[in-house]
There are 2 protein chains.
Amino acid sequence: MKTVATLAPLTTQLLEITRINSAASVLSWDQETYMPAGGGEARAEQIAVLQGIAHDKLVAPDIERFLAATVDPATGQAIDQPGDLWDEPSRSLLREIWRDFSRAKKLPSDFVIRLSRETSLAQQVWAEAKAQNNFRQFLPNLRTVLALKREEAEYLGYETSPYDAMLDAYEPGATIATLRPLFAQMKARLVPLLKRVTQSPNQIDDRILRHAYDQTRQLEFGRLVLVAMGYDFERGRLDLSAHPFTTSFHPTDVRVTTRIHEHELQSCLFSCIHEGGHGLYDQGLDQRYFGTPLGESVSLGIHESQSRMWENSVGRSRAFWQFFYPILQQTFHDQLHGIDLEHFYAAINCVKPSLIRVEADELTYNLHIMLRFEIEQDLIEGRTNPGDLPDIWNQKMQDYLGITPPTDAEGVLQDVHWSFGAFGYFPTYTLGNLYSVQFFEQAKLEMPHLNEEIAAGQLLGLRRWLEQKIHRWGRMFTPDHLARRVTGTSLNPEPFLTYLETKYSELYKL
Amino acid sequence: MKTVATLAPLTTQLLEITRINSAASVLSWDQETYMPAGGGEARAEQIAVLQGIAHDKLVAPDIERFLAATVDPATGQAIDQPGDLWDEPSRSLLREIWRDFSRAKKLPSDFVIRLSRETSLAQQVWAEAKAQNNFRQFLPNLRTVLALKREEAEYLGYETSPYDAMLDAYEPGATIATLRPLFAQMKARLVPLLKRVTQSPNQIDDRILRHAYDQTRQLEFGRLVLVAMGYDFERGRLDLSAHPFTTSFHPTDVRVTTRIHEHELQSCLFSCIHEGGHGLYDQGLDQRYFGTPLGESVSLGIHESQSRMWENSVGRSRAFWQFFYPILQQTFHDQLHGIDLEHFYAAINCVKPSLIRVEADELTYNLHIMLRFEIEQDLIEGRTNPGDLPDIWNQKMQDYLGITPPTDAEGVLQDVHWSFGAFGYFPTYTLGNLYSVQFFEQAKLEMPHLNEEIAAGQLLGLRRWLEQKIHRWGRMFTPDHLARRVTGTSLNPEPFLTYLETKYSELYKL
């Protein structure tokens, strides 16, 4: 039987490509954390060169020849010779390498370099434009990036909409056709629930979260929670950046960032837990497969399921704070000494239509995504003029959430994603929310004492379960196959919707 | 006349190579500043891949063909066609590109990758071994690196000693034959001077420097001096690392590091000024030539002349502290309020044979270098067993400086250089010392009010002079040509020796 070892001529080359990509990721991490402002242009060029080289190496003739002999281009599956079959890992490996190769092969080298350079630059202009609350400053770069992404979709090909080509990049198999009914189903349950919550006579007082909290202590508490989650600081770091993110150069060097606002206790705290969830996934990947798709995370939706599970199912649960709240009270004695656990638990679960996606409560969060999903389709399919985005954004915020951003910085400019060309990325956040509860329900079934463990600050059992069930497999299974393998069913919004209805019915005494 | 523009087919490719090298430098910077300990092995591989690619691209057939048509390999000089001459910049450019190409061409690709990987790893093992004071831990890596460097010298070729091939890498033109008499000449003047100083009845009391100084304030003061020097923080950063260093990814992103010891005021202060001198050189390179040798510093000796000039000729001068001492006194009021300027000036110029090179006074510093120069020759020429290094080191310390390190961490393990294969690097420190005074004397001639400017905290005049005379030229001239161009003569130890004799005669009332 042929094994992964049989693929050594291929994996040796992929390892080199992965190392180049890792180097580019170090440069991006530096760009977002420590790079001096003046270094931006040179940095964009450095990253573009590396990405161009990585692309060229992936579409090199010897890789193409090897794949032509081993993969059926019609199905994307390994070709079996009678009596000499591929084993399961090598079969998965060939499928995923083919996926990467065939996508890359469709993109001209000079396009890859142009896209890299323009998105690096646009990301820097976006940061400046957001700081200045000046959408017009960002608009030319946005137009450039949009045009490049449309060009990319044409190279990649699609059946119905160029947006499908973009969705598939982040979530293999996702299409407008599958996402639309999903969002409709969620909307049908979430909008009435939101109405009942906002009209409940039992409103939550969350003002305590907006007192002044020392920034250094906020960061130290975030670090403490990361350690408890099993995030390994020997193989990772926690830094500050404008937009929290996780990046990985190897399972032995996985870095998370956060941001701190003195008057928003939630911001640093939950971004640490959220990014920590991402970080555990990347630290939990199988090192033996580093450099191949089996050493990579399977999709953004599954990745986000890990961050959202830790942030919400764990981090906004009563059990979690039974252990951690007394520590938080000690850390911020002046602010919290008269506030009991129930008050705090309610405050961090307060539902309130708000401007900023990453700080939205669990109920309104997906409305932020729906808005972006609609805007992205219209942009990509050419129905929207990018210059009109601020108005469109504000109108949709009013329609979905009943509020209008006072500034573009808090509106259309709030997220970094479009600046680096990540159209089709936002929907994976909603997929992540759905998967997270689906997985967590399964974890509770298989670990009957999970709630008690969490209430005792013992988070490593859950971490191990996730590592065994999800992290270590990399791209061995497709996202859908993985979901079925872990929970017995494909993506199912029901657990998520039931979870929200139960949680908020209790909190708001509906 | 043919200009640099004529060389575009070549410079376009060099630009890409430079960007790859810049990326590798970002990875090295990260390794020394922020990388988590676990990430070291993966990092070594990433850097090795990038250096391998950069090497392959430099020795590519199209570059070779272009150079074969434009450079005479016997002389390394541009070939002129009658009536169609190269202008001076393009002539320099071809000479320097040929130098880089012909060196690289002699090294096999797999050797370059092995050397990169082994030196990255050895550097990390060295740091660990130094922390543990365990030379044996580092010894296997040192043997590996030594063997690789000998192999490299064989590829590069040499006339007399493999050590000459190594010297030339850092200081074009330097050989054992030129350095030996130079060191002998210095020794003949410095050893008697040191004897007179140590036997003087007028000894300096420098205990004030070893009081407790708040680390954050030390760093802030270092930053203040860097700003006064004209180091541009929009195009640079100051971070902490075990061993202070400067690195540049582009003139718009030049980073320096320092270290802080609570009980050694000199350490952070003078390493900031020293690295700042390096940083000014790299920030002062001509951006238009970035990606070519004309956008690179000319030699390590000249580079070191910049750091040592700022550190010693400026930073240890009475004039400098006339302006900065009152600020330092305000910063550390409790420690310094009863200490007058003369006391402080004497303390920072106290001569005392000591263990650590980077913290040595100006008089004993070059004895540290001589010791390394001798050891390196013996190591490279195979007369010394690396396992005997601690004993040899300690014996030479006793011979030259009259002291013996109590630990290897303060002895043979103190410097990072050998771990990354930088044999032949140390002598450039002495060249830097000599050049620094030679250049500074010239600056004083051309700027009659330089001393008054410095005493008024006005350092930008000197910075501009250095930029115009040295920095902006990159590798346009050889080090020797540059010295003659700036000062009218080749390297001359006389100004340095006279400077020391004058300075210490006054301080020690000889």
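Sequential numbering from 1, following the chain as shown.
Here the Cβ of each residue, glycine as well, is placed from N, Cα and C on the backbone.
TrEMBL does not curate its annotations; it predicts them automatically.
Secondary structure at A:GLU304 (Zn(2+) binding site), taken from DSSP and collapsed to helix, strand or coil, is helix. Other Cβ atoms within 10 Å of the Cβ of A:GLU304 (Zn(2+) binding site), summed over all protein chains shown, number 27. Under the heading Zn(2+) binding site, TrEMBL lists A:HIS274, A:HIS278, A:GLU304.
Within the same chain, residues at least six positions away from A:GLU275 (active site, proton donor/acceptor) with a Cβ under 8 Å of its Cβ are A:PRO244, A:PHE245, A:THR246, A:VAL256, A:THR257, A:THR258, A:SER307. According to TrEMBL, the active site, proton donor/acceptor annotation covers A:GLU275.
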Cβ within 8 Å of the Zn(2+) site's Cβ centroid: which residues qualify beyond A:HIS274, A:HIS278, A:GLU304?
-> A:THR246, A:GLU275, A:GLY277, A:HIS303, A:GLN306, A:SER307, A:ARG308, A:TRP310, A:GLU311, A:GLY432
Which residues does A:HIS274 (Zn(2+) binding site) neighbour through Cβ under 8 Å, counting only same-chain ones at least six apart?
-> A:PRO244, A:SER307, A:ARG308, A:TRP310, A:GLU311, A:GLY315
Three-state secondary structure, A:HIS274 (Zn(2+) binding site) (per DSSP) | helix
What is the number of other Cβ atoms found within 10 Å of the Cβ of A:HIS278 (Zn(2+) binding site)?
-> 25
